[in-house]
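Working notes, beginning with the structure itself.
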Amino acid sequence: MQDAGGDSMEKSMQTTEFLFIPIPSWLRRNSESPVDFGVGMNIALGLAATFTVSNLYYCQPILGVISLKFGVSEDEASNIPTLVQSGYAAGLLFITPLGDLVQRRQLILGLIACSASLTVGLATTTSFITFEAINFLVGLASVVPQVLVPLAADLAPPNRKASAIAIVWSSLMMGILMARLLSGIITQFSGIQSVYLMAIGVQASVLIGAYLIIPNYPAKDVEGSYISILKTTWKLATTEPLLIINTFSIFLSTACFSAFWITLTFLLLGPPYSYSTLDIGLFGLLGMLGVALAPFLGRLIDRMYPWYSILASVCFLLLFQTILVIGAGLNIAAVIVAALGLDIFRTTIQISLTASSFSIDPTARSRINAVMAVAMPLGQVMGTSASSKIFLTYGWRPCYGLALAWTFIQLILLLVRGPHSPSKARIGHSGGWKMWKTKTIIPLKADSHIKNVPCVDNTTTT
């Protein structure tokens with residue numbers, strides 16, 4: 001027999017969404033029915049990130065074909081990546097903070113439905129102006145991965161938060177690399193319309209999967225309106241020293257990542273390598289391997305305080321950037337080793353910086369993530385433009401030397417604060433130097449049906 005409390009709990013659960021669409025019974029939740037967040041759900045969130053972020057990158061390898069299809073110059077076609085990234089940046093600023101205000105299941109489903117519907121226009125339009133406008137809107141709606149990252153952090157148990165973030169972030173990076181590869185192959189054999197038809201099918205599949213898997217957990221208990229959410233996002237971006245430092249570090253690491261991959265083509269096309277475009281394309285598979293290895297380090301990151309995992313990542317990045325400076329233009333082994341290492345530790349530093357920043361305010365993770373995510377397209381712009389000009393003017397060694405300098409700045413930013421400095425502290429090393437988190441028992445309510453379980457203490461301000 002169910003007691004009154006149980007009846008009340010059942011009644012408080014939302015049963016429909018978008019006015020009339022039923023929510024699967026196994027996904028209905030309220031504040032007193034926690035989500036069983038296992039590896040399967042974590043991987044599902046990762047796959048959603050992979051195939052939604054891909055929308056931003058399908059166009060990049062096929063700009064020449066786009067210019068021929070619409071009868072425009074290659075210079076005009078090159079506006080497409082800028083427009084889709086501009087839409088993405090706008091979505092990061094104005095849509096992702098909503099994750100702290102509304103139910104994220106509905107936000108995710110709505111965004112995927114919008115991006116899939118808009119992609120129909122990309123596959124069918126014959127107007128280049130319309131194609132440009134739709135690309136901007138697709139970018140605006142393709143911010144789902146940046147809603148999924150804080151969602152994974154919120155759903156994961158305390159001892160698995162970094163691991164959960166690692167799986168979603170690595171999947172996001174995999175989507176960037178995979179989209180370019182798939183787009184180029186499909187266009188080679190079938191044309192650009194097939195690329196976008198494929199994208200429609202993929203997004204429809206992701207929408208169905210998300211509907212059947214993502215739990216309908218209640219919105220966070222955050223008072224205020226959409227305007228107040230935007231105001232507090234700005235306040236976090238300008239008044240939290242730890243967030244400011246971490247965001248600038250993400251900006252620099254993204255610039256280094258973009259600098260390597262954008263100039264890799266120049267490096268391998270010229271002497272002493274003179275590789276074909278197919279050979280160069282295979283380096284994308286190497287990048288995917290590096291990204292795939294990163295989640296295995298997530299459990300190690302969970303066990304240590306974020307400052308130390310950031311330090312280790314920066315030191316390894318310095319090592320691999322140094323290998324590039326010394327031997328990138330002399331021996332292909334240096335390029336292969338650096339490509340693998342840079343992809344692994346660029347992902348681990350992103351995971352560690354995210355985990356560090358999320359500790360500032362657990363109720364504002366979507367807003368914190370929005371601030372950090374905006375730094376990524378800005379870093380891509382700086383890394384792409386600066387490295388291309390330096391490589392073509394001065395050669396490979398000054399180009400990779402610049403990326404090495406950017407990485408060294410990240411080390412300086414980290415060292416001005418200690419591993420346990422308060423998040424409000426701009427500089428200083430108070431709080432000691434403890435590296436490993438301790439396991440503690442988290443007590444539950446007396447009437448809970450779940451036994452006390454050991455968890456890694458994740459309380460940290462760094």
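First residue shown is number 1, and so on along the chain.
Glycine is no exception: its Cβ is also placed from the backbone N, Cα and C atoms.
Heads up, TrEMBL stuff is auto-annotated, nobody curated it.
Looking up the ranges 107-128, 371-392 in TrEMBL, the one annotated as transmembrane segment turns out to be 107-128. No contact links the transmembrane segment (165-189) to the transmembrane segment (243-268), because fewer than 3 Cβ pairs that are 6 or more residues apart lie under 8 A. Through the fold, the transmembrane segment (107-128) approaches residues 17-18, 48, 52, 55, 70-72, 76, 95, 98-99, 134-135, 137-138, 141-144, 147-148, 151, 193, 196-197, 199-200, 203-204, 206-207, 210-211, 214 of its own chain, all at least 6 residues removed from its boundaries and within a Cβ separation under 8 Å. Long-range contacts of the transmembrane segment (400-416) within the same chain: residues 245, 248-249, 252-253, 255-256, 259-260, 307, 310-311, 314-315, 317-318, 321-322, 324-325, 328, 349, 383, 386-387, 390, 426-427, each at least 6 residues beyond the stretch ends and with a Cβ under 8 Å from a Cβ of the stretch. The stretches the transmembrane segment (243-268) and the transmembrane segment (134-153) are not in mutual contact, being linked by fewer than three Cβ pairs under 8 Å (pairs 6 or more apart in sequence). Cβ atoms under 8 Å from those of the transmembrane segment (305-326) belong to residues 162, 249, 253, 256, 260, 334-335, 337-338, 341-342, 344-346, 348-349, 351-353, 355-356, 359, 397, 400-401, 403-404, 407-408, 410-411, 414, 417-420, 434-437, 460, 462 of the same chain, restricted to positions at least 6 beyond its ends.
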